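Features as listed in TrEMBL:
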COMPBIAS  276-288  compositional bias 'Low complexity'
REGION    276-296  region 'Disordered'
TRANSMEM  6-24  transmembrane segment
TRANSMEM  44-64  transmembrane segment
TRANSMEM  70-89  transmembrane segment
TRANSMEM  96-115  transmembrane segment
TRANSMEM  127-146  transmembrane segment
TRANSMEM  158-176  transmembrane segment
TRANSMEM  188-207  transmembrane segment
TRANSMEM  214-238  transmembrane segment
TRANSMEM  250-268  transmembrane segment
Amino acid sequence: MPMTWVGVAIALAGALGYALGAALQQYEAVAEGASLRLVRRPRWWIGGVIGMTGASLHAVALSFAPLVAVQPISVATLVFAVPLAALMYGRKPHKAEILGSIAVAVGLLWLMILVPQHHVTPRLGNGSALAFIAVIGVIVLVSQVAASRTHGPGRAMLLSIGAGAVTASVSTFVRVVGGGMEGDWGRLLHWFTLAVPVLLVCAVVLLQRSYAVGYFGIAYAGVQVIDPITSVLAGAILLGEPLPTGSATAVPALLAAALTIAGTITLGRLAPDHSPSVAAAASPESRPLTSASDRA
């Protein structure tokens, strides 16, 4: 039991780190846009390092505590991230932000609890892996095209769908590579291992595009929802893992999904955040006088 509490404490620190890193990167993405200019922003790098540290602490926590104790804290990162993002803009989080975040976190956690545990070594063939990547590519393409024709929270949500799908592909390949090692380090010499960092970079790029829209709550919630759902579906279709299809779990799963959707809609109805520099540029009071007509 003491070691479980150690794992829970580490997971909590990891969740806070991941949330803070996401808030920092979103702030910079809104200020600079999802472009290569972000690599010249120290705070964006700091956010990335903090977020990666948080993810690493989550992995460490699993060595001290069971998944059922650690995973709920991981899901709660949304509850931490939204208030932190609000503080970045010098404001208090809106009540709707808090309620929407809690609804998404509770609904998502509820869904995860309903997924049956599976302890078989994951196996994935080359053909299935390539088909999986192709499907993820189609999801990204469709979501990007649709987002280019949409504005506001809908755009943030569509972009987060692509980011969440690619993030799920990273999780799936990590699961196959890590779970299939069985103590044989030679199994790392496979193209699956090389696919992980490539997909991870793609996920980061897509995530920044979603953040740059300004609707952090719905962008972050979108990734938090799409990632595990896609991962569970990939596990069921590709790895033979079970789904909660029994009559005792079907109704609770629908209720959990409804709660998650309601929370996401609540977050999507909020106004976007803008960086102080952008807000100042858009303010008539701060616009410099550069012509005679302006001075009149």
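Placement of Cβ uses the backbone N, Cα and C atoms for every residue, glycine included.
Those TrEMBL annotations? Automatic predictions, nothing curated.
Contacts between the transmembrane segment (158-176) and the transmembrane segment (214-238): present, as 3 or more C-beta pairs lie under 8 angstroms, all at sequence separation of six or more. Within the chain, the transmembrane segment (70-89) has long-range Cβ neighbours (under 8 A, six or more residues past its boundaries) at 7-8, 11-12, 14-16, 18-20, 22-24, 26-27, 54, 58, 61-62, 97-98, 100-102, 104-105, 108-109, 112, 216-217, 220-221, 224, 267, 273-276.
Sequence-distant contacts of the transmembrane segment (214-238) (same chain, at least 6 residues past either end, Cβ-Cβ under 8 Å): 22-23, 26, 30, 75, 77-78, 81-82, 85, 97, 100-101, 104-105, 108, 111-112, 115, 118, 122, 124, 128, 132, 152-153, 156-157, 159-161, 163-165, 167-169, 171-172, 175, 207, 260, 263-264, 267-268, 270, 272-274. Under 8 Å from some Cβ of the transmembrane segment (250-268) lie the Cβ atoms of residues 82, 96-97, 99-108, 110-111, 114, 153-154, 156-157, 215, 217-218, 221-222, 225, 244, all in the same chain and six or more residues away from its ends. Residues 43-44, 46-58, 60-65, 69-70, 73-74, 76-78, 80-81, 84-85, 87-88, 211, 216, 220 of the same chain sit 6 or more residues outside the transmembrane segment (6-24) yet have a Cβ under 8 Å from a Cβ within it. Panel annotation: around the transmembrane segment (44-64), residues 3-4, 6-8, 10-11, 13-25, 27-29, 32, 38, 70, 73-74, 77, 204 of the same chain, lying at least six beyond its termini, place a Cβ under 8 Å from a Cβ of the stretch.
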